[in-house]
Amino acid sequence: MFAQALHWLTTSKLRYALALPFLFFILYTKTKKSKEQELENYIFSLPREKLDQIRGKPDEVINVIDEYVEQGHFLMNIGKLKGKIISEKIQQVKPKVMIELGGYVGYSAILFGKQLTDPSAHYYSLEVNPKFAKIASKIIDLAGLSNKVTIIVGKATDSLVELRRSLPNVIPSFEYLDFVFIDHWKDLYVPDLRVMETLDLIGQGSIIAADNILRPGVPEYVKYVQGSLDYRKEYDSTVSNVNGPQFIGKWNIIYKSKTIKVDDGKREKDAVEITEYIEAK
């Protein structure tokens with residue numbers, strides 16, 4: 001069909017002149033790489049000596065990505081400052097099982113996965129976009145963390161249901177997720193938390209860290225984790241979960257939650273939300 005349209009457009013000088021901007025646009029969109037592919041290109045086009053130098057070194061791979069961003073290439077990574085807050089919490093908690101909702105290009109999986117020093121600890125990165133997952137897999141492998149990080153491609157709800165089924169078989173002592181990092185679609189923060197509550201993936205000792213609390217902002221999520229039991233009871237009973245009505249959530253969970261603001265002096269202020277499961281009433 002494209003070839004026929006191209007023939008029709010180019011068989012007349014007038015049509016050709018009128019179509020030239022359109023043709024350039026088509027060629028541009030067909031050949032233009034996404035910013036995530038450009039990152040992949042940048043990393044794996046480094047001199048072999050440099051690649052060998054950073055291979056198997058998570059910190060060095062993170063530095064390369066940070067340098068790329070500092071050159072003016074925007075990526076949806078958590079970055080150094082907010083990442084440091086969560087990394088310190090991971091070091092304190094020492095999770096055995098950690099998951100993230102929104103793996104993107106693998107930055108957070110590398111940054112946080114390297115904190116899991118226990119040989120039996122594992123990091124599950126849930127990513128809905130197969131193209132992002134493919135890029136992340138290559139970068140995580142470069143960092144030497146393929147044995148520590150498992151990427152699961154698909155809708156978060158489906159992946160969470162599968163993890164609930166499979167984790168007890170992989171880890172016989174598994175009860176709850178030790179640590180959850182949320183950094184995907186902002187309108188899914190609350191719905192996916194309710195999925196985890198319903199599936200009993202959140203329990204005694206679970207920590208939930210969420211990004212982009214102020215920019216672009218997730219006020220509904222903050223209100224949910226900081227709200228009273230009465231608030232969540234009404235919310236769960238009146239707001240249907242977009243992931244399915246069966247994932248109603250558990251309003252009787254008592255959370256201790258805090259918004260931690262970060263300002264790098266260059267961009268608008270942002271924050272992370274650190275939420276701890278205290279008990280269920």
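Residue numbering: from 1, along the chain as shown.
Any Cβ shown, glycine's included, is placed from N, Cα and C.
Summarising the annotation, Swiss-Prot assigns S-adenosyl-L-methionine binding site to I78, E100, S108, E127, V128, A156, D183. Shown in sequence order, L101, L126, V128, H184, L188, D192, V195 are the residues of the chain, 6+ apart in sequence, with a C-beta less than 8 angstroms from the C-beta of A156 (S-adenosyl-L-methionine binding site). The DSSP secondary structure for A156 (S-adenosyl-L-methionine binding site) is helix.
Neighbour count (other Cβ atoms within 10 Å of the Cβ, all protein chains): 21 for N212 (Mg(2+) binding site). DSSP assigns N212 (Mg(2+) binding site) to coil in the three-state reduction, outside any helix or strand. What Swiss-Prot records for D183, D211, N212 is Mg(2+) binding site, and it gives similarity to another entry as the kind of evidence.
Counting only same-chain residues at least 6 apart in sequence, those with a Cβ under 8 Å from the Cβ of K186 (substrate binding site) are N212, P216, G217, V218, Y221. What Swiss-Prot records for K186, N212 is substrate binding site, and it gives similarity to another entry as the kind of evidence.
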Under 8 Å Cβ to Cβ from E127 (S-adenosyl-L-methionine binding site), same chain, six or more residues apart: give me those in sequence order, or none if nothing qualifies.
G102, G103, Y104, A133, A136, I151, I152, V153
Quick one: which residues besides D183, D211, N212 have a Cβ within 8 Å of the Mg(2+) site's Cβ centroid, in sequence order?
I78, K82, G102, I182, H184, K186, A210, I213, V272
Would you identify the secondary structure of E100 (S-adenosyl-L-methionine binding site) according to DSSP, in three states?
strand
